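Feature annotation from Swiss-Prot assigns 3-dehydroquinate binding site to Ser21, Glu46, Trp47, Arg48, Arg82, Arg213, Ser232, Gln236; the stated evidence is sequence analysis. The active site, proton donor/acceptor annotation in Swiss-Prot covers His143 and rests on sequence analysis. Residues or ranges marked as active site, schiff-base intermediate with substrate by Swiss-Prot on the basis of sequence analysis: Lys170.
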Amino acid sequence: MKTVTVKDLVIGAGAPKIIVSLMAKDIARVKSEALAYRETDFDILEWRVDHFADLSNVESVMAAAKILRETMPEKPLLFTFRSAKEGGEQAISTEAYIALNRAAIDSGLVDMIDLELFTGDDQVKETVAYAHAHDVKVVMSNHDFHKTPEAEEIIARLRKMQSFDADIPKIALMPQSTSDVLTLLAATLEMQEQYADRPIITMSMAKTGVISRLAGEVFGSAATFGAVKKASAPGQISVNDLRILLTILHQA
């Protein structure tokens, strides 16, 4: 399986990489939180742009991105607008969503974008090609905050992301039972062993799914999300505890 290298970070080799999400509402908070995050041990900074209030002002959005880039120049920056239908803070049109991601790509400030699988096949394919033409990697994602589908459906979604040339397919699902967590882990393992030719990220959410956030190296998930202050999804562990646990599992 090929790895994905962003800056000096090799995703898909060694222990799972730690992603933290910054969810500031304005430029002042972006700056203050970025300074606080700089003192934290993580691998990838995700900027959750759906939390940013001045979203209609592209210049303001890119000014905030510039602050993040200048504050943590060595960290890969993942630009993410999480749609309301997949658990995000704001609802915008598909056209606005694509335009926002294209603006981020054009800015030269971001290393990766998050692109939701169910945005629309044509729009997804075109945006992936556009990102790659500008040397920006694509994390293609799907989130279900209500349920966990069967393993076959999980694998089908991950394979579809791969067929759309995502650099890193990602899926996050809500378990209704412990069996759902096992379904997610089994699907991850099958995808990793039989179909994946690139790193994937999977997780089962909430307290029930915490084990999935730690066991990526065993089952085949290349990264996991940790909380610096407020968790961006249910079940996230503090970033400091997460690094300790991942290191223990990696060295065992």
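Glycine is treated like the rest: Cβ placed from N, Cα and C.
Mapped onto this structure are the features recorded in Swiss-Prot.
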residue: Trp47; record: 3-dehydroquinate binding site; contacts (Cβ under 8 Å, 6+ apart): Ser21, Leu22, Ala64, Ala65, Leu68, Leu77, Leu78, Phe79, Thr80, Val110
residue: Arg82; record: 3-dehydroquinate binding site; contacts (Cβ under 8 Å, 6+ apart): Arg48, Asp50, Gly88, Glu89, Asp114, Glu116, His143
residue: Lys170; record: active site, schiff-base intermediate with substrate; contacts (Cβ under 8 Å, 6+ apart): Asp114, Val139, Met140, Ser141, Asn142, Met161, Ile200, Ile201, Thr202
residue: Arg213; record: 3-dehydroquinate binding site; contacts (Cβ under 8 Å, 6+ apart): Met203, Thr224, Phe225, Gly235, Gln236, Ile237, Leu242
